[in-house]
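According to TrEMBL, the protein has these features:
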- K125, Q188, G217, D248, K390: UTP binding site (BINDING)
- H218: substrate binding site (BINDING)
Amino acid sequence: MSTGKKHVKTQSTYAFESNTSNVAASQMRNALNKLADSVKDDDEKRFRIENELDSFFSLFRRYLIEKSSKDNTLDWDKIKSPAAEEVVRYENINADAESVGNLSKLAVLKLNGGLGTSMGCVGPKSVIEVRDGNSFLDLSVRQIESLNRKYDSDVPLLLMNSFNTDKDTEHLIKKYSANRIRIRSFNQSKFPRVFKDSLLPVPTDVNDPLDCWYPPGHGDLFEALLSSGELDALIAQGREILFVSNGDNLGATVDLKILNHMIETNAEYIMELTDKTRADVKGGTLINYDGQVRLLEVAQVPKEHIDEFKNIRKFTNFNTNNLWINLKAVKRLLDAGSIEMEIIPNQKTITRGGHDINVLQLETACGAAIRHFGGAHGVVVPRSRFLPVKTCSDLLMVKSDLFYLQHGALKIDPSRFGPNPLIKLGSHFKKVSNFSERIPHIPKIIELDHLTITGNVFLGKDVTLKGTVIIVCSEGQKIDIPNGSVLENVVITGNLQILEH
């Protein structure tokens, strides 16, 4: 009986792959030059597009090299838990939570490149109404405005848009012109998608349709800050620290304790982590690898170790993507050309002539840059600082009586005990419009642990849900939960029988 043996590439295989990579790189370079040549009579636009395509080309070339390199996966045996000073708990930080002097050194940035398509909405996700008539963007503005008013500070808010959200956002922020807040918005790069088979760019002209292009993930933040001029402007204003978070994380508010801790410890980069639950098993986590702090994402984990990666006892916390970054360090690293982040190849399909065609978009994530910064470490924060709204299940929770609104920030009701409830709404609730039609009045859920609703279900007014509530409507049936219902530890099925469990 032969034992299984790992397939090892021969030298001739490497030589072939290296030649193939060189051919692919030179073909891509020629195609990108033609793409830049399609800009007519606009030198400024041509200069900008050439810069973007150069950035894309260096990413693409790195992708080719990594693809054909001897072993691009991490050596699992070298992965160690972070040292004590590499991950500290929020409650153990000694920094002053009241001292406001460092606010003059702070700027806040929201990642605002995403569309609301996954929730059935048109336009930027940041305009979806989440609470009491306020959108994500309204709440971000209110938070910073109340901070500036309370402490007589002038913390600016920056929005990093993509070409998908830019025009709508520019229009929207005009309504805040009378508010006590400076809002700047700038665009991240616009990179060409690549045909998976030929490894050539999908667009052949700069005016080709939007589905030929993609925004290359939030790892593009550093380059985009520099090329937009915002990085130099912030440094010139004396801003030293940028607090970055996802536009849909309602828990990501300015925290003076973390800000002061960062300045006192001279850390150039802090990543907020929070404890994993079973719902977060895919979240990236901080590790020590070859003596440096690194972010380990599920995509980098060898298949045979996936279960180990998801073990919440071994990898106890995950990246919230709330990041505190020193701007002078960013400038120094960019000047040296040394902020390289792991490439995430993301496969998509586009339709051409009635056929689906596989394309690649090469992305990076700004959390992966942590290994390049001095004194970088993680801070394990309370779960309340991670409140993302990705689905209508999340939307139900943030609209409910579980939270109240204070100066644009969502605070959990003090009478709530234990972790947030687990809410799973089925495909009938995928779009915001369907959700609003089926749940026009948000139920009281302060004592809810688990809710599952699938099928053609409508909730009445003043409904209270407690404990574990499961409502399953069979195909072709309809369930109406009457006004004023109190459902506690029940399963409701197609014919509206209420079964205690």
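The backbone N, Cα and C atoms fix where each Cβ goes, glycine too.
Those TrEMBL annotations? Automatic predictions, nothing curated.
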Residue pair K390 (UTP binding site), the residue listed as 'substrate binding site' - Cα distance, angstrom, rounded: 17
Nonlocal residues around K125 (UTP binding site), in sequence order (Cβ under 8 Å, 6 or more apart): G114, L115, G116, M119, F136, T165, G247, D248
Recorded UTP site residues K125, Q188, G217, D248, K390, farthest C-alpha pair in Å: 21
Rounded Cα separation (Å) that holds between Q188 (UTP binding site) and H218 (substrate binding site): 8
Binding-site residues compared (H218, D248, K390) - the one with the fewest other Cβ atoms within 10 Å: K390
Residue, out of the binding-site residues Q188, G217, whose Cβ gathers the largest set of other Cβ atoms within 10 Å: Q188
